[in-house]
Amino acid sequence: MKIHLDRTSSGFCIGVQGTINVAEDKLQELGQLYSYGDVVHNEVEVKRLEALGLVTVDDAGFKQLSNTSVLIRAHGEPPATYTIAAENNLAITDTTCPVVSRLQRTTRLLFQLGYQIIIYGKRVHPEVIGLNGQCDNCALIIKHADLSDPKELEGFEPSAKTALISQTTMDIPGFYELKANLEAYVARVNGSAVEPWMAIRDIDITADMSKVRTMPRYVFKDTICRQVSSRNQKLHDFSLANDVVVFVAGKKSSNGQVLFNICKAANPRTFFIEDIEEINPEWFAAHEGKAVESVGICGATSTPMWHLEKVANYIEATYANSESIIAQ
């Protein structure tokens, strides 16, 4: 049985890796550092950093801090967080992902131009909370691309200027499905023909451009991170190429759930674990009279490579025969 470890489409994305690198450097310098929320949605990595001196605080804990150093993670934060930090004399180490920072600016500018903001994403996701803060927490947040949840449309004004954006880790097909459904919904409510929403670029929404160019009433900007979304097809193909797939991610990881579902759709014998204690020996038993010849190990953008290696080594040592190798 061969163990295939995916090193090209698994492991930290650039944004998360940057946060981890800065956290490690700060911990070496200071000995202790507070993180506002889990530094990454991976419990195993959080515990590793906590052993180095990282202290995770929630909303209540953050508000009680003063005269100390706090890490802002890659997901980003709303403006209110920085206001509290200034009031409490907190030294902020800001590791907001550059992709998220640009999206926050886009959201803020669109709101200033009078657009009601629709975010394709998950209401409780920290990135979405940060985005919503850029527009005074007035955004409509829609998770269901088919508009199956009427509550998500409460407060929507179909005749008003509207801009659709997305949480960076959502799926591309879902975003465009939502756009099409919103176009049809607006036309139906307004009693008009379907009006395609116009794609915009960052340059289109700067203050200077808006003075010389009329902005359309309905616009959208595909803000899904391509470094993340490009992994979809690669992990799909990786899953097809192996008899069994062990997908490693934190249970809180939004990206992990998306990628796991992609792997599972490609290969029904895909199993989700957070750590090696959850591995079931039956996964590697013969299936329909055929022995398992290959096991693929992959994970989310929030899964550290060292942990994927740990899982691969464990499966090799415990379940593979003596002739197996870890293929890279």
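Any Cβ shown, glycine's included, is placed from N, Cα and C.
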Candidate sharing the isopentenyl diphosphate site with H41, H125, S253, S254, N255, S302 (per Swiss-Prot), from H75, H144: H75
Annotated companion of C13, C225 at the [4Fe-4S] cluster site, Swiss-Prot, chosen from C97, C135, C138: C97
Pairwise Cα distance for C13 ([4Fe-4S] cluster binding site)/S302 ((2E)-4-hydroxy-3-methylbut-2-enyl diphosphate binding site) [Å, integer]: 7
Which of S253, S302, all binding-site residues, has a Cβ with the fewest other Cβ atoms inside 10 Å: S253
Site with most surrounding Cβ atoms, counting all protein chains shown within 10 Å, from the binding-site residues T168, N255: T168
All-chain count of other Cβ atoms within 10 Å of C13 ([4Fe-4S] cluster binding site): 20
Of the binding-site residues listed as H75, T168, S253, the one whose CA lies nearest the CA of C225 ([4Fe-4S] cluster binding site): T168
Distance from H75 ((2E)-4-hydroxy-3-methylbut-2-enyl diphosphate binding site) back to C97 ([4Fe-4S] cluster binding site), taken between C-alpha atoms, in Å: 7
H75 ((2E)-4-hydroxy-3-methylbut-2-enyl diphosphate binding site), number of other Cβ atoms within 10 Å: 29
